[in-house]
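Enquirer: Annotations for this protein, taken from TrEMBL, read as follows:
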BINDING   A:443, A:542, A:543  Mg(2+) binding site
COMPBIAS  A:113-122  compositional bias 'Basic and acidic residues'
COMPBIAS  A:144-155  compositional bias 'Acidic residues'
COMPBIAS  A:183-192  compositional bias 'Low complexity'
COMPBIAS  A:818-836  compositional bias 'Basic and acidic residues'
DOMAIN    A:252-340  domain 'BRCT'
DOMAIN    A:439-626  domain 'UmuC'
REGION    A:1-33  region 'Disordered'
REGION    A:112-155  region 'Disordered'
REGION    A:170-201  region 'Disordered'
REGION    A:817-837  region 'Disordered'
DNA sequence: ATCCTCCCCTAC
DNA sequence: TAAGGTAGGGGAGGAT
Ligand SMILES: Nc1ccn([C@H]2C[C@H](O)[C@@H](COP(=O)(O)OP(=O)(O)OP(=O)(O)O)O2)c(=O)n1
Ligand SMILES: [Mg+2]
């Protein structure tokens, strides 16, 4: 195959290298990324620089202030409200669910297995679909190696979409040289994708760097560096007795407590150490800290009253004798007999007991069957409960939502500081003009560590890292989530493998996560900052920007560092965590300033000093320039570390390196002239919702894939509903073990070196439904059809999101008719038609339909070759032309009937005529387009609020589709593939806040079971008013 | 030109 | 053992 990739030139260079690198071409790109490891030395530099910053830059460093030329005041538009955030009822009809779901799944399963039955033919046929120009079929050839191994040679680089650049030869040489430098084995800044320095030994970062240090045999790591080990043990023991004891070997006596884990709170009898041994000896787990969702029980002797008040949700306090008695009994006993109640408050305890027993069983820890088992329905939950990245991602999103809601309400959070402090701050400087723009960047210092160290004074200023690793294995492949500044001085960095961190810093103390506390602290800091101003932008769980321009002006504060110190003080008091504040006139300057402020300080880049300031800034610190871009920069211009060096380059020169957008951005950034975009302080509408699992995926059977997809679908449904969005498109991302990567990854159950494949499809009707998402994902999965055992990761992204909130629709109705009551005139279709509407999101579907291309329907002969390819709604992009004339006429006919109060012979005749036409139409096998046409008519009836008509049409259609004498057999299946979509639309309507005969829909929901009987007895439904659709279909119906 | 899909990169 | 998620920006190259 030929590659259209303009980067092909560079491939040639690489090819000359292939002697050294037994790397197949697919992974060449990645290995190159690893090879260019000046990143390491560069970061090492930064690391050491940080030391000086810490020591030499006193807190409150202020570069002199001077000019205040800018008169352009940052106006923030608080009115930029997202209407979608407004409240609206969002109930779900639980009982509608069951049966249709199964239908959808059954359908999907069928199509899935069919797809697998004849993979080769499928593959060839797929070519004509041409829906995948980028992902060449050969890629699959690559994966299905056992069939066609010779193909490997001609494979193009499917993953290497590069900016079209011709790398100078000489730079290439530099690149290569570096490749063999064993120096600075820091993996911390290597992006996750750079996992595979494939050419050398193995697939994973860790294995590459550590190959000389460890030997791996049968999954067992044999360590070499025992001195480090010894030191670490010794220090850990001093610092944390329990932890050190952990490494003692113990005899496993039984499996009685398998699946249970405990956290010991305070003094108990037997004491914590004994409990730990007991737990371990009997198959249980001992946790040094309570971990929400993971720790089964908390063991304590009594709970102080104060403590009861802040019991973590679901935390179960029991007495220690649960353990001893369970062991004695040889089975885990019911925890409820061992609950601890607050003294003298039996009542409350019983209430709690009741709540607990009714709500949920004690959290069975995943280890019962190993969460890697896809059959575990709590698969995702258990994984998430331990994933720090999931935690910080969702927490960041939560904080963004929190801020968005505050802006919407326009209310500050409750003041948590004396008002006069602000006034005092600016009191004496009323005459002095304040800065035109003052932006704060607040970031907690080594967030996770700070939280952990709060209650452990002895570890303050010590080398500490937060990780899953308990330190029992010296060369742990676990990652350091966050490390203290003392540890950073040793060269430890966030994201580094524990093994490497211990190598650099043997005295490192490892502490476990405290997820619950991160959530709390995160909320606290946002509550604090939001009490000052709503001009605030959430970046992550521990980091945000605040626009202090208005506040400074209001209180006449000319020295923002005083304000910053004040804020830091409040944060420290409330959370007991240190925060640093960077101050500048733009977010960029504030952010860069924070680097100098850390740890636990303030740094202000004043306008007159900002040019000077920028000169010394590190290029790597510019936001947007990561590992890969630094590599590219170096390969073009050699080592460039400071912004002053970067300033020597023209914008034009940077474009080939970074691409036009980034080049412009970086060009301005390195001069400090980058202005914040107009909407920087505005709430951003979320564009995607996704769920990724790229850990622990080792499947044997395709059913397990389906099971995972089902879980992902459910999770996405939850997230979509939570964010009040529905998905218009679905993207499936698969991580597949690279052909050259070993089956055993270096990180236990990690994904190792992988190739990724993505497939997207658009939904004809946007949805929140997990079963639809799942079935679509499986269809996409079938398109890739990788070796099940080589699957290493699955991610699903919902895009083309639509707000599911009806608020805007409702307000339109209110404006027109007042009070949101249904207008009687609206029932009259003729009058109704006269009413012109703003486009509502109901109609966005139609907009999208118009935009989408119409895919050519394969000729019938072509279709017949397939085993039996029943058209599916998403096979087709929506057509403008509806091809179900009989159905439309029937609809018209029913609409007419629903309006009239008398029987009309003429209408009867018309109805029969329509039915005949429809029958005629249904005699042909369903095509993609005709199935879609049916769907569209149904949807439009629903969208138009024609419930009665819809019912009639639906019922009629269902009836006909089941009758194989009047209709082609495939229509039955085709019709049922539509049901979930129709159901989804009908449920959407339930949310419409105008009077709605819910019972009708409810009844309808129960009848879409696919069985023959139809309960769609008209229970006197009324047509409801819904703002008129402008769609082509609807116009056809109304005509 | 502008859109869409399939990537890659970045940040926490 | 280990828990490598998630959202956004953006480029290449094809389709329209
Ligand atoms: N690779 C990473 C990077 C960060 N985090 C988590 C742990 C961090 O504590 C938190 C915040 O990230 P920061 O980049 O703000 O790093 P720290 O707060 O730890 O240090 P500092 O902000 O002082 O540089 O995110 C993580 O789990 N894994
Ligand atoms: Mg931080």
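Heads up, the Cβ atoms here are built off N, Cα and C, so glycines get one too.
No curator has checked TrEMBL annotations; they are predicted automatically.
Help me see these features in their spatial surroundings.
Expert: Secondary structure at residue A:443 (Mg(2+) binding site), taken from DSSP and collapsed to helix, strand or coil, is strand. Long-range Cβ neighbours of residue A:443 (Mg(2+) binding site) (same chain, at least 6 residues apart, Cβ-Cβ under 8 Å): A:542, A:543, A:579, A:580, A:582, A:594, A:598.
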Enquirer: Tell me whether residue A:542 (Mg(2+) binding site) sits in a helix, a strand or coil according to DSSP.
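Expert: The residue in question, residue A:542 (Mg(2+) binding site), is coil (DSSP, three-state).
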Enquirer: Taking the center of the Cβ atoms of A:443, A:542, A:543 at the recorded Mg(2+) site, which other residues in this chain have a Cβ no more than 8 Å from that point?
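Expert: Residues close to the Mg(2+) site, other than A:443, A:542, A:543: A:442, A:444, A:447, A:539, A:540, A:541, A:544, A:579.
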Enquirer: Any idea which of the binding-site residues A:542, A:543 has the thinnest Cβ neighbourhood at 10 Å?
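Expert: Each of the binding-site residues A:542, A:543 was scored; lowest Cβ tally within 10 Å is A:543.
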Enquirer: Let me know the model's mean pLDDT on the domain 'UmuC' (A:439-626).
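Expert: Summing pLDDT over the domain 'UmuC' (A:439-626) and dividing by its length gives 95.
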Enquirer: With DSSP as the reference, give the number of residues of the domain 'BRCT' (A:252-340) in helix, strand and coil.
Expert: 28 helix, 13 strand, 48 coil
